[in-house]
Amino acid sequence: MAFKLWLLDEETIYEHVFERYTQLEGQSGKLAQDLGIQDRRGGVLEITFEPSGLEGGRKKKRVRRRNKASSVEEDQNVAVDSYHVSVGQSISSLRSSRDNGNSTTGYVLWSTTPFFINWLLYSTSAAPFRLGSQVEVTCGSSCEGHKLELPRLVDLTGADRGKRGILELGAGISGILPVILGNFVDTYVSTDQKGILNKLKDNIMENLSQLTRKRCISRSLRLELPTVEPVGDADITAASLPSKSTLHLEVAALDWEKINLQDKKTHSLHPELSLIGETCSSVYVIAMDVIYNEYLIDPFLKTLKQLKHWLQTTYNLQFHVLVGIHLRSQEVTTLFLEKAIIEYDFTVYDIVDQVIQESRFNFYLIT
């Protein structure tokens, strides 16, 4: 059964948050009681994603399989490819008071992201994001809702003629979202603060072999399509890639406190954002575990507001946002929803799904 959407408003925010944290408390014996770092013991993590389900995202110890993205018979409803990524992280930078202006959470991989990838690609309930379809909406406590038409977030078949893009905010260093979800979109722009970008680029390049369905071009990563067949290396020749479409993949600095898309001069500083508008008909903004203290909420929501206005008015894009939150502070979650709905006038839906409700995470769709 597909997930449902609960339309939140200024009255139902509190009912939703109370119910979700009550669920969380009832599962305290089953769920890890930690801050959510994927693995704080190692500098390099080996992670496998596979169709066997949400357990596929567990870290694999002492395994170094390279370029092992495999596929079986295609299925429109659930992804069939497997992926293995190697993620270099920096525990020392996480603990540093000097690195990246003391904003250091992005130096490690947080567990919200692997969970989201597994759910999006392999959970049957996430099918609307893979197929593009109408989703049932419940308004408050009433069972009489309506349907919301969702464009595809990812196209598993490659047959959809629509051009789709992903803009990732607060990407951190891992780079696993672009190298996996990049297989199913046309343009992917991964952003974070400037101090994070070198390690983010390193991890993307380390795992570029997982982009098995696309030919990748990138100005920021200095990747171009091959034009001449290299002797003795048939695996990467242009002739060997005739059936693959092209992914535009870029990595860019985006400071939520400084962005000003109303200033025309700013546009020239963010050509990657213009790339999404120029190449896509729909865009999903993805932000995983970026709301963990109250100080980030206003800059984040102001950035979303600017992006929505600019991409819709300038390029007429379909615009949706997916925010993943690791449920830590009930007060921070409540404040985020209050500000998003009441102060910034966003339409916010809780994604209601059993798999999510049995985890420490929650996902919100914002339009």
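Using N, Cα and C of the backbone, Cβ positions are placed for all residues, glycine too.
Swiss-Prot lists Trp110, Gly170, Ala171, Gly172, Asp192, Trp256, Met288 with the feature S-adenosyl-L-methionine binding site. The 10 Å shell around the Cβ of Asp192 (S-adenosyl-L-methionine binding site) contains 24 further Cβ atoms across the protein chains shown.
Residues Trp110, Gly170, Ala171, Gly172, Asp192, Trp256, Met288, recorded as binding S-adenosyl-L-methionine, reach a greatest CA to CA spacing of 20 Å. When each of the binding-site residues Gly170, Gly172 is scored by how many other Cβ atoms sit within 10 Å of its Cβ, Gly170 comes out lowest.
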